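Taken from Swiss-Prot, the feature anthranilate 1 binding site covers G78, N109, and the record attributes it to sequence analysis. Among the features that Swiss-Prot reports, 5-phospho-alpha-D-ribose 1-diphosphate binding site is placed at G78, 81-82, S86, 88-91, 106-114, S118. Annotation comment: Swiss-Prot describes S90, E223 as Mg(2+) 1 binding site. Summarising the annotation, Swiss-Prot assigns anthranilate 2 binding site to R163. Look at Swiss-Prot and you will find D222, E223 tagged as Mg(2+) 2 binding site.
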Amino acid sequence: MRLLKQLDNNITLTQSETTQFITYLTNPEINVEDKVDLLTQFTKKEIKQQELTYVVNSLIQTMYPNQPTYEGSICVCGTGGDKSNSFNISTTVSFIVASAGIPVIKHGNRSITSHSGSTDLLNELGIKTTKVSEVPLQIEEQGLAFISAMESYPIMKYIQPVRKMISTPTIFNIVGPLINPFKLTYQVLGVYDPSRLYMIAQTLKDLGRRRAIVLHGANGMDEATLSGNNEVYELNENGDITHYFINAKDYGLKVASNQDLQGGSPKENKMITLDILSGDDKTCRRDVVVLNAALALYVSEKVDTIASGISLATILIDSGRAMVQFMKMRGDICDDIK
């Protein structure tokens, strides 16, 4: 196979060749062993940033050749893989951000390395995921839509067995948060591998994001944490990417270890999320949600600074608006709070 020879010679693939690569891996008629050979060779070579963009574009175009756009929308998510077993921070954040009037299209999955993935938590909360075709109406009515990654990209089921047979991480460990079916305006993306931060920030620029934050949490998490310096690459509206660190204590938040942020089963994480949204939780779990919500409010241009984002996120919780957003999503109330 020509692709195998190119990969053996460490030759960077073109967009057309990458599409062939994806088509091969997602073809159910090709046996898994042959797919393993190809993905193994791709994984052995150094993955270039351009190739990450090509892989993401190929997957999106395969499923959504006319990718829909929702102006002003944001997704807050992480790559997973940090093995921290934290509670569902980004899902909890999504309710708060949506309560600020920002359209949130959250792309999530079931648990892979944690006890409870985004979809697992939603099931426990009694909130259904939204079909891609129904997202515009869902956003219009409630301002927040949760999309199941497995439902929006069923072709990925043909790649899963291949990944399981390869012992090392592959490019598919980082593409999940990048293939939202909608062309987003903003994104906050947590990454477990700090060496991939700039690559992912550049890919988000290639995908047309107006603004984005790509971060690696202190001590290895794929969320901003309270335990030290969080590394950030920020894409601004001018297309510039800047690199800096943020520390929760600089914003008046108390230092806490990553272990203090651990969750549990979907049922246990449900109670954590509800306690935070209701304002009952005053612990570090609330603080880490406020910090991550602040980044989303900042990157989506709702506020001018991260500090202002922390103030607004706190108000959204304490005023009850975040809880109202949750109740709307569950169908408990229909009235909006302006």
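In case you wondered, yes, glycine gets a Cβ from its N, Cα and C as well.
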Those binding-site residues listed as D222, E223, and which of them has the most Cβ atoms within 10 Å of its own Cβ: E223
Site with most surrounding Cβ atoms, counting all protein chains shown within 10 Å, from the binding-site residues H107, R163: H107
Protein Cβ atoms within 10 Å of S90 (5-phospho-alpha-D-ribose 1-diphosphate binding site), excluding its own: 25
Candidates G78, S90, H107, R163 (binding-site residues) with Cα within 10 Å of E223 (Mg(2+) 1 binding site): G78, S90
Pairwise CA distance, H107 (5-phospho-alpha-D-ribose 1-diphosphate binding site) versus D222 (Mg(2+) 2 binding site), rounded so that it is a whole Å: 15
Among G78, S86, S90, R163, which are recorded as binding-site residues, the nearest neighbour of D222 (Mg(2+) 2 binding site) by Cα: G78
Distant-in-sequence Cβ neighbours of G78 (anthranilate 1 binding site), under 8 Å, six or more positions away: S90, P177, L189, G190, V191, Y192, D222, E223
